[in-house]
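Peer 1: Handing you a structure now.
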Amino acid sequence: MAQFYYKRNVNAPYRDRIPLRIVRAESELSPSEKAYLNAVEKGDYASVKKSLEEAEIYFKININCIDPLGRTALLIAIENENLELIELLLSFNVYVGDALLHAIRKEVVGAVELLLNHKKPSGEKQVPPILLDKQFSEFTPDITPIILAAHTNNYEIIKLLVQKGVSVPRPHEVRCNCVECVSSSDVDSLRHSRSRLNIYKALASPSLIALSSEDPFLTAFQLSWELQELSKVENEFKSEYEELSRQCKQFAKDLLDQTRSSRELEIILNYRDDNSLIEEQSGNDLARLKLAIKYRQKEFVAQPNCQQLLASRWYDEFPGWRRRHWAVKMVTCFIIGLLFPVFSVCYLIAPKSPLGLFIRKPFIKFICHTASYLTFLFLLLLASQHIDRSDLNRQGPPPTIVEWMILPWVLGFIWGEIKQMWDGGLQDYIHDWWNLMDFVMNSLYLATISLKIVAFVKYSALNPRESWDMWHPTLVAEALFAIANIFSSLRLISLFTANSHLGPLQISLGRMLLDILKFLFIYCLVLLAFANGLNQLYFYYEETKGLSCKGIRCEKQNNAFSTLFETLQSLFWSIFGLINLYVTNVKAQHEFTEFVGATMFGTYNVISLVVLLNMLIAMMNNSYQLIADHADIEWKFARTKLWMSYFEEGGTLPTPFNVIPSPKSLWYLVKWIWTHLCKKKMRRKPESFGTIGRRAADNLRRHHQYQEVMRNLVKRYVAAMIREAKTEEGLTEENVKELKQDISSFRFEVLGLLRGSKLSTIQSANAASSADSDEKSQSEGNGKDKRKNLSLFDLTTLIHPRSAAIASERHNLSNGSALVVQEPPREKQRKVNFVADIKNFGLFHRRSKQNAAEQNANQIFSVSEEITRQQAAGALERNIELESKGLASRGDRSIPGLNEQCVLVDHRERNTDTLGLQVGKRVCSTFKSEKVVVEDTVPIIPKEKHAHEEDSSIDYDLSPTDTAAHEDYVTTRL
């Protein structure tokens, strides 16, 4: 295949080697640019600064050059998290480009802050974003800094950007037909979809919601619901949208985890944001929890804090209920269940009485309703047993006593469903599958009652049941009543939700029903296909003569595939093995037809039994396992829905007492009629300003309390998120890389400090020497006419016999050499021990007038290793000659070998009282061999000898050194 990718030379042999070359070659970097980028990579601050300064002067380096990986110097510094280099590069106005996005992706908060505060030069050309070439950029055009920061979920970076006033585009709906959406989708549908996904991914960031949303709970609820709906529409990005939806749900749950008291929890769960300040609202109706159930926020609802509050309200009348023995619980529930008629009558007569208030408790209400439904099932059982039998041959039998007792329950169920639909709305009503089951059950009972009435009115004769018509109203009513009994018994499963053991099982059963419906759709298609084929094959062989029973339900099955309906029944019952194989035979000797029919029948059984049935088992197993993995959350969510239905104010009385008008219901009815029918005659009394003001104040107080609690929750959540991130971070390869980078940067910083200290010390020495020269020239007047300029450094060697001995002992030197460092003014009291402080520097030798000629050769010491022995010997001989004359001449001398050495600069100040010595700082730098101009020689005289000594400064023009001897001290200046 190589010939498809590489050009082959015609004259080359067949087994020639494939030449390789770089097809997409890029421009090479110059050595200076490579060194510049390498210095940035290693964190060499001094080299980078030097390169940037040279680039401004000589223009030899492109400071915006790119390495083979496509990184500029700024991006390399951001990747290495070197804030000093980033600040340096920005000060030289390097090209920023996507540096802010790279810093956000790298989560370098300091770099992001520097880039946000960096102001571009006014002369820089501003290119519109639409004209920028984004082909080689790592980020798509729709990625803005705030969107990328939200993707990384870095709270600090998001806060910095939000403080700058950034904004996020509002995503349009999937079915939006505006001009912008239509044009964007037509131009590039993929970019349009990815852009919407990136925006939603940013909006779903927990840090962004916590920082910018006034009501984070409501934002998380609505966004998770919207993302869940988007996952159903955009199947291409279904997994991404579902993951974002789960992220929003988890954020709401984690935020609720931060509540620390029941007061905070009640403020959160009772907050209502859909009312204005002047509208009256209840402060204890769990409005936020109802909203969470509506948006199916299972993690939020099943959160332990929320469940604890619900449980405390559920068992309000029975504190410590869960700690009681199960036998005590059962006996208590049984007694309350038996007394539910008494409680109901008391509530009808006196709703505000103790018993009337007792039945309004959620737990008591649940027990009473359950006892009422169990009584209804008991009546159904009695009706099915026909205890009070009537004449079975009567075509229109009258209702029995049990049926008369069942009728109030049926009417009570119907009235309860009507009230529920009226209060919650049709949409909320049909979303609950149990309501649909109740609707079917009540419809069957209504149809049964109607048919019973028709049969009782129309048919009164006695006829044997065998002679009745197939569609006789009594027969149809009995069939519908039997089906309704099944639904009524199965409806009891909904009460299993209250139990922790049966609740998860009931939820798994409901999920399996969905799998069964999916399976039935495919199975019906297969069933209809084979039924059509078999009926087409056996239609011509229908048997009608000599048969007392026709069909597959006969003792001897026949005509199994004669009609389409009969074929469907035969194929269905064949799954359970109830159809014999001989039904594929025909009376005629048509073996081919029998073979084809048997083959079709066998193929159907293989597909339905082996494939489809096992697929159904696998689907049901998967659904059960899914529920089992989240059994606690699913069960608590279902139980909360059951509890919330009993927390409502209405529906206190159980069936059948709910059909009896209570005094409260009659009062509400009269009030409604009076308001709607007589509203023209009477005007509504306006509320006073005081009432409106108090209501507004209460609502405003609730709002402020909610915002205060929300502020505390957000702070706790952010702190917990940061702690968790630090805990889970651990040691990674990236950390090791950062550590190496820090070590490298520290190394170059130390080297830079050493080089910088050399230059700074030289400059300070020059300044100090210049000042000293000026002072001397002013004090001496015009006695010395011409003096040469101060040299680059001023080296002073102080010689004292005792000090030299001490220095020799401490430094293991034969001549006690050391350097003198200048003391700051605040440390003048330590001048006595200055030799110990400067023992590692310069030239220090001991001189004495008595034995100068003997010790001179052994007391000269050189710090620089580059000074040759010959130069040292020559300097020694010259010094001996000068000392033999009693003075040292002054002049210009070339000092070789001081290429890289440390010297100490001595600065002396003259006062009227004393001659003080200030020891200069160490100078470490690189010097070339140069002429050193020595201006004068100043003796250093102790205080006690100051009165006996005179200024012996003597000028010499061409002497290599200038030395003045004063008793025990000799001053030598180069």
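Using N, Cα and C of the backbone, Cβ positions are placed for all residues, glycine too.
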Peer 1: Could you confirm whether, in Swiss-Prot, the topological domain containing G577 has the same name as the one containing K419, so that both are on the same side of the membrane?
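Peer 2: Going by what Swiss-Prot records, G577 is on the opposite face of the membrane from K419.
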Peer 1: Among C524, C554, which cysteine does Swiss-Prot link to C549 through a disulfide?
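Peer 2: Looking through C524, C554, the record in Swiss-Prot gives C554 as the partner of C549.
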Peer 1: Taking 363-383, 404-418, 433-453, 512-534 as candidates, which has the most Cβ pairs under 8 Å with the transmembrane segment (600-620)?
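Peer 2: The stretch with the most close Cβ contacts to the transmembrane segment (600-620) is 512-534.
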Peer 1: Measure from the CA atom of C549 (disulfide bond) to the CA atom of D438 (Ca(2+) binding site) and give the result in Å, rounded to a whole number.
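Peer 2: Between the Cα atoms of D438 (Ca(2+) binding site) and C549 (disulfide bond), the distance comes to 39 Å.
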Peer 1: What's the CA-CA gap between N435 (Ca(2+) binding site) and C549 (disulfide bond) in angstrom, rounded?
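Peer 2: That comes out at 43 Å between the alpha carbons.
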Peer 1: Measuring Cα to Cα, tell me the gap between Q420 (Ca(2+) binding site) and C554 (disulfide bond) in whole angstrom.
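Peer 2: A Cα-Cα distance of 49 Å.
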Peer 1: In the same chain, which residues outside the set E417, Q420, N435, D438 have their CB within 8 A of the centroid of the CB atoms that define the Ca(2+) site?
Peer 2: G416, M421, Y429, D432, W434, F439, N442
Peer 1: Between the binding-site residues Q420, N435, where is the Cβ count within 10 Å the lowest?
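Peer 2: Ranked by other Cβ atoms within 10 Å, the binding-site residues Q420, N435 bottom out at N435.
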Peer 1: Provide, as an integer number of angstrom, the distance between the C-alpha atoms of E417 (Ca(2+) binding site) and C549 (disulfide bond).
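Peer 2: Spelling it out, the Cα of E417 (Ca(2+) binding site) and the Cα of C549 (disulfide bond) are 46 Å apart.
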Peer 1: Output, ordered by sequence, the same-chain residues six or more apart from C549 (disulfide bond) with a CB under 8 Å from its CB, or 'none'.
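Peer 2: Same-chain residues close to C549 (disulfide bond) (Cβ under 8 Å, separated by 6 or more) are E555, K556.
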Peer 1: If I count Cβ-Cβ pairs under 8 A between the transmembrane segment (476-498) and each of 363-383, 404-418, 433-453, 512-534, which range comes out on top?
Peer 2: 433-453
Peer 1: Tell me the residue counts in helix, strand and coil for the repeat 'ANK 2' (71-93), as DSSP assigns them.
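Peer 2: Counting residues by DSSP class gives 16 helix, 0 strand, 7 coil.
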